[in-house]
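Copied over from Swiss-Prot:
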- ALA2: N-acetylalanine (MOD_RES)
- 8-43: domain 'EF-hand 1' (DOMAIN)
- ASP21, ASP23, ASP25, CYS27, GLU32: Ca(2+) 1 binding site (BINDING)
- 44-79: domain 'EF-hand 2' (DOMAIN)
- ASP57, ASP59, ASN61, THR63, GLU68: Ca(2+) 2 binding site (BINDING)
- ASP94, ASP96, ASN98, GLU105: Ca(2+) 3 binding site (BINDING)
- 117-149: domain 'EF-hand 4' (DOMAIN)
- ASP130, ASP132, ASP134, GLN136, GLU141: Ca(2+) 4 binding site (BINDING)
Amino acid sequence: MAZZLTDEQIAEFKEAFSLFDKDGDGCITTKELGTVMRSLGQNPTEAELQDMINEVDADGNGTIDFPEFLNLMARKMKDTDSEEELKEAFRVFDKDQNGFISAAELRHVMTNLGEKLTDEEVDEMIREADVDGDGQINYEEFVKVMMAK
């Protein structure tokens, strides 16, 4: 499954994995998964977190290692119900629910994920996605960026 990923995607997922793997031991625990999900405004129960881990925990050790994480991401990318996932992701970024992601909202979510970005980097991310040039990202622009990955 993970064989279909490009080197660039694998590098991106490695970076995402390290955001989850707070103590850097190469495994994501339910506690670490919960921390990241809560920073994104989600509030999963302990049982839901365990289910998420069990879903991809191939060796049954109760944690997710990087190869298991890659398989999960490869599966998610193939998933046909990605429309709903994109809407959900957009809602996470669009804090005030006005239908647009502003630079401030993007910075807020990225900071919660542990990404320390300069104002220039945030502005650059907005510019890359902002097709109509209004300084913020609407849903269509967001989908284009996410699908291009």
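The backbone N, Cα and C atoms fix where each Cβ goes, glycine too.
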Candidates CYS27, GLU32, ASP57, ASP96, ASN98 (binding-site residues); nearest Cα to ASP134 (Ca(2+) 4 binding site) turns out to be ASN98
I'd like to know which of the binding-site residues ASP25, GLU32, ASP59, ASP96 has the most other Cβ atoms within 10 Å of its Cβ.
GLU32
CA-CA, which of the binding-site residues ASP57, THR63, ASN98, GLU105, ASP132 lies nearest CYS27 (Ca(2+) 1 binding site)?
THR63
Under 8 Å Cβ-Cβ from the domain 'EF-hand 2' (44-79), and at least six residues away from its ends along the same chain, one finds 1-2, 4-5, 9-10, 13-14, 16-17, 20, 26-30, 33-34, 37-38, 85
Inside 8 A of the center formed by the CB atoms of ASP94, ASP96, ASN98, GLU105, which other residues of the chain have their CB, for the recorded Ca(2+) 3 site?
PHE93, LYS95, GLN97, GLY99, PHE100, ILE101, SER102
If I take the alpha carbons of GLU68 (Ca(2+) 2 binding site) and ASN98 (Ca(2+) 3 binding site), what is the distance between them in whole Å?
36
Using the recorded Ca(2+) 4 site (ASP130, ASP132, ASP134, GLN136, GLU141) as reference, state which further residues of the same chain have their Cβ within 8 Å of the centre of those residues' Cβ atoms, listed in sequence order.
PHE100, ILE126, ALA129, VAL131, GLY133, GLY135, ILE137, ASN138
Binding-site residues ASP25, ASP96, ASP130, GLN136, GLU141 vs ASP59 (Ca(2+) 2 binding site), shortest C-alpha separation belongs to ASP25
Fill in the CA-CA distance, ASP130 (Ca(2+) 4 binding site) to GLU105 (Ca(2+) 3 binding site), as an integer in Å.
14
Could you state the CA-to-CA distance between ASN61 (Ca(2+) 2 binding site) and ASP21 (Ca(2+) 1 binding site) to the nearest Å?
16
Nearest by CA distance to ASP25 (Ca(2+) 1 binding site): which of the binding-site residues is it, out of ASP57, THR63, ASP96, ASP132, GLU141?
THR63
How many other Cβ atoms sit within 10 Å of the Cβ of ASP57 (Ca(2+) 2 binding site)?
18
